[in-house]
Ligand code: APR
């Protein structure tokens, strides 16, 4: 049995990272077109670097919560039982710090920069700015390695292939308004394997597509999802 899990900002909310669309969320405080679009970066690269520098620095202050840990336990427990893939729209590194290994960051990563000149990516833990030089080619053309609005998410071929083989799909902590991720549940449903669709969200999105809705915060909902799969978290 193959499992695909999709996470969004809600899974990191209990670790203290703001979601995007809550009343006090990131998009209430910042204009998307200023800090999350290629045009915004062209207009004012320093403002964009500052926005991501602050978010990168925040990673030092937060830690994985029980939901991240439960997904890492599920991955370990599932070895030998089928494929397991964790897709995240999140750019924080809490999944890997919790122990997840089979993980695709479809919207990029805060702890990486990409060179607009040569295309190389590099790990980056500190602040970055317009003066930051590419370790590969030396150009002062680094940008956060974040997929902005209007750009194509990473790993789409692998994601489509995994959805095609999925028997269980679970969306956790995502509002389901940003495509293509918002269409993954429907895509899994169409794969001809009677894929079971779960949603975990304290404020369920109301998408009729889901078979099972666990209306709880991720820290409780994900352990409940594991119980329903018959997985012991300590595994
Ligand atoms: N546990 C689970 N879900 C939660 C929790 C929690 N403790 N707290 C909030 N949520 C849910 C909210 O109910 C909401 O449905 O998390 C969801 C967060 O939604 P968004 O803020 O829209 O975040 P997300 O869906 O990840 O956004 C998708 O939009 O701006 C872009 O690129 C950005 O990756 C992001 C994408």
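Including glycine, each Cβ sits where the backbone N, Cα and C put it.
Remember, TrEMBL labels are computer predictions, not curated facts.
Here's what TrEMBL has on this protein:
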type	residues	note
ACT_SITE	107	active site, proton acceptor
BINDING	8-27, 89-92, 173-175, 201-203, 218	NAD(+) binding site
BINDING	52, 55	substrate binding site
BINDING	115, 118, 134, 137	Zn(2+) binding site
DOMAIN	1-232	domain 'Deacetylase sirtuin-type'
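Distribution of TrEMBL features across the structure.
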residue	record	DSSP (3 states)
8	NAD(+) binding site	coil
24	NAD(+) binding site	coil
52	substrate binding site	helix
89	NAD(+) binding site	coil
107	active site, proton acceptor	coil
115	Zn(2+) binding site	strand
134	Zn(2+) binding site	coil
202	NAD(+) binding site	coil
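Counting in whole angstrom, residue 202 (NAD(+) binding site) lies 43 from residue 118 (Zn(2+) binding site) by their C-alpha atoms. Taking only the Cα positions, the spacing between residue 89 (NAD(+) binding site) and residue 55 (substrate binding site) is 15 angstrom. Other residues of the chain with a Cβ within 8 Å of the Cβ centroid of 115, 118, 134, 137, the Zn(2+) site, are 116, 117, 119, 120, 135, 136, 138, 139, 141, 142. Candidate binding-site residues: 8, 16, 24, 118, 134. Nearest to residue 55 (substrate binding site) by Cα distance: 16. Geometry remark: residue 52 (substrate binding site) versus the residue listed as 'active site, proton acceptor', CA distance 14 Å. Distances between the Cα of residue 173 (NAD(+) binding site) and those of the recorded positions 107, 115, 118, 134, 137 are shortest for 107. Other C-beta atoms found within 10 angstroms of the C-beta of residue 8 (NAD(+) binding site) number 27, with every protein chain shown included.
Closeness to ligand 1 is met by 8, 20, 89, 173, these being the binding-site residues among 8, 16, 20, 89, 173 whose Cβ falls under 6 Å from the molecule. Here the C-alpha separation of residue 118 (Zn(2+) binding site) and residue 20 (NAD(+) binding site) works out to 31 Å.
Between residue 115 (Zn(2+) binding site) and residue 16 (NAD(+) binding site), the C-alpha separation comes to 30 Å. If you measure from the Cα atom of residue 137 (Zn(2+) binding site) to that of residue 20 (NAD(+) binding site), you get 34 Å.
Within 10 Å of the C-beta of residue 12 (NAD(+) binding site) there are 25 other C-beta atoms, taking all protein chains into account. Using Cα positions, the member of the binding-site residues 8, 12, 24 nearest to the residue listed as 'active site, proton acceptor' is identified as 8. Around the Cβ of residue 55 (substrate binding site), the number of neighbouring Cβ atoms within 10 Å comes to 18.
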